[in-house]
Amino acid sequence: MDIGSNEILVASDYDRTLASEENNFVISPIVSQKVNEFSKKYKFVVVTGREKKFIDKLAVGLKPTAWILENGSLILFNDREFVLCEKSWFERDRKKIIEILDNLKVRYSIGRIILYVDGYGSKLDMLSEIEKYGRIEVNRNDAMILPKGVDKGVGVLKFKELTGFKGKIIALGDSENDYALFRVADIKVAVANAIPQIKEIADIVTENPNGLGVVEILDKILSGNFGKEVDIY
């Protein structure tokens, strides 16, 4: 069954989904070529916790429909930028969080919007005071601090609103911060290297890991076979 171009949106995580850790998260030509081919017919968005400056270096040549960066807080689409948080985040909340991190002597980096705390995924008790001002999200052993009410799923829903998209969402992911992405998906796909908790809630687990798992799904959609295996409607 051929699926119409306005009927589906594929939303994919980046690290350990589109790009592998073994390749230092640099997108492979095979994956980027397939995504670019797919994006000419269907909507394909990359939904990642990463900042633009890193994506620009890692994903050279990748041309999705849109980028949803910093865990859903920043959308780049049609040469426009959409920030998904209130002014109070910059004027008050983020400043207070930085003060707390400095007092705890925790190392962090500041993105355009969110804060990154590497290696603190298992030490959330130390960061509990931060939850008065923002939301902590763990991804494997790292933690990201976001404005309240923002996550990958919120970013995807905002993109739907911006484009007037009414079709089905197919989400691909591998780890904890993809729970929010799966929450808004009609079909949830875990790549073969995903953590067990993500595989358990997925509708499909790919045979191949990382980007080859994404290619596997895109090929099925392009060939018309995806609709035969999964009830997209």
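Every residue, even glycine, has its Cβ placed from backbone N, Cα and C.
Annotation comment: Swiss-Prot describes ASP13 as active site, nucleophile. All protein chains considered, the CB of ASP13 (active site, nucleophile) has 26 other CB atoms within 10 Å.
Per Swiss-Prot, the feature Mg(2+) binding site maps to ASP13, ASP15, ASP174, ASP178; the stated evidence is similarity to another entry. In the three-state DSSP assignment, the secondary structure recorded for ASP178 (Mg(2+) binding site) is helix. Listed in sequence order, ASP13, THR17, LYS152, ALA171, ILE198 are the same-chain residues at least 6 apart in sequence whose CB falls under 8 Å from the CB of ASP178 (Mg(2+) binding site).
Annotated substrate binding site per Swiss-Prot: LYS152, in sequence order. Reduced to three states, the DSSP call for LYS152 (substrate binding site) is helix.
Taking a C-beta cut-off of under 8 Å and a sequence gap of six or more, ASP15 (Mg(2+) binding site) has these contacts in its own chain: GLU21, PHE25, THR48, GLY49, ARG50, ASN139, ASP174, SER175. Neighbour count (other Cβ atoms within 10 Å of the Cβ, all protein chains): 26 for ASP174 (Mg(2+) binding site).
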